[in-house]
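Would you mind keeping the following structure in view while I ask a few things?
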Amino acid sequence: MNQTLIQEILEVVEQAAIASAKLTGLGQKDEADAAAVEAMRLRMGKIEMKGKIVIGEGERDEAPMLYIGEEVGSGNGPGVDFAVDPCEGTNLCANNQRGSMAVLAASDTGGLFNAPDFYMNKLAAPPAAKGKVDIRNSATENLKILSDCLGLSIDELTVVVMDRTRHKDLIKEIRGCGAKVQPISDGDVQAAIACGFAGTGTHCLMGIGAAPEGVISAAAMRALGGHFQGQLVYDPAIAQTSEWADYTKEGNIKRLNEMGITDIDKIYEANELASGENVVFAGSGITDGLLFDGVKFERDCVRTSSLVISTLDSTARFTNTVHIKDGAKSISL
């Protein structure tokens, strides 16, 4: 992996964001996702690499493009594994709400955990708390540790939690400690990454979300030096989701075992979910969000705001790109 490849990976998420943003606010979440998928796959196909989707839009029989195991790129060059979410926060995009973005994680072949389409209990925190907070602790314990690490009182801390019924007790505990809760409807990747940057007002992410997005978050947090832990959730009684209405705990355990996951209660650290020597996160805003703006359409150009985090050179680059239209007469600053 090199800087040229990283630049092309940036362009992959930019093109996906632009395609999806054309449908922002139209209430068409499936169409917005499909547009992002097609644009992402098209741009990936132009890269000199032996790419492979390890986390994507589903199994081969469930998704026509960017399915798990699909080969992308020219077929020549370095081997690269991808975990992709072309339109993270499809509902946010469809309703023109904050926080939707096109995201991916990339690493050398074999460098990303092939997360099953399960749920994952997650804990993300700033670099100062790395290895000190622990997902095994109660929220109360972690807030006390986080307070000490950051030099803030607990009532100055903000914790992001997915707004789900399953988090009722977690939210009650956090508020009972005096910390602030910021509920989000979708899109916990951006919230996790925000924990890695001072000044965002986000100090911690707690709770259960999708496992594939957990791998993408872990890649970003590993590159940032932040704290991230994840533990797969296989009990429908804990997940409390209609998607698992016909699933059983025993059936889910069997599914995990069939995937080669025998230590079903393992707690994964960031460097286990994203274990490659070179790890890259790339995200581009579809709608405005905490870390960057969404796509802006102007008469003579389209503007994108993106973030690339890389272990290759230990950088986090915020990039504003002006995509100039044919025949443009005037480009404003």
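Glycine too: its Cβ is placed from the backbone N, Cα and C atoms.
According to Swiss-Prot:
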type    : residues                                                                    : note
BINDING : ASP33, GLU57                                                                : Mn(2+) 1 binding site
BINDING : ASP85, GLU88, GLU213                                                        : Mn(2+) 2 binding site
BINDING : GLU88, GLY89, THR90, TYR119, ARG164, THR165, ARG166, ASP186, GLY187, ASP188 : substrate binding site
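In the displayed structure, how are the listed features positioned relative to their neighbours?
DSSP gives ASP33 (Mn(2+) 1 binding site) a helix state.
Around ASP85 (Mn(2+) 2 binding site), the C-beta neighbours below 8 angstroms that are at least 6 residues distant in the chain are ALA102, VAL103, LEU104, VAL189, PRO212, GLU213, ILE216.
According to DSSP, THR90 (substrate binding site) sits within a helical segment. Long-range Cβ neighbours of THR90 (substrate binding site) (same chain, at least 6 residues apart, Cβ-Cβ under 8 Å): LYS29, ASP30, ALA32, ASP33, SER100, ASP186.
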Which residues, same chain and not among ASP85, GLU88, GLU213, have a CB within 8 angstroms of the centroid of the CB atoms at the recorded Mn(2+) 2 site?
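Going along the sequence, the neighbours come out as GLY89, VAL103, GLY187, VAL189, ALA210, PRO212, ILE216.
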For ASP85 (Mn(2+) 2 binding site), what is the secondary structure by DSSP, using just helix, strand and coil?
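Going by the DSSP assignment, ASP85 (Mn(2+) 2 binding site) falls within a strand, counted as strand.
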Applying a 10 Å Cβ distance cut-off over all chains shown, what neighbour count does GLY187 (substrate binding site) have?
29
Pop the Cα-Cα gap between GLY187 (substrate binding site) and GLU57 (Mn(2+) 1 binding site) into the table, whole Å please.
16
Using Cα coordinates, what distance in whole Å links ARG166 (substrate binding site) and GLU88 (Mn(2+) 2 binding site)?
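On Cα coordinates alone, these residues lie 21 Å apart.
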List nothing but the largest Cα to Cα distance in Å, as a whole number, among the residues GLU88, GLY89, THR90, TYR119, ARG164, THR165, ARG166, ASP186, GLY187, ASP188 that the record says bind substrate.
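Spelled out: the longest distance between any two Cα atoms in GLU88, GLY89, THR90, TYR119, ARG164, THR165, ARG166, ASP186, GLY187, ASP188 is 21 Å.
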Reduce the DSSP letter at ARG164 (substrate binding site) to three states and note it down.
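DSSP assigns ARG164 (substrate binding site) to coil.
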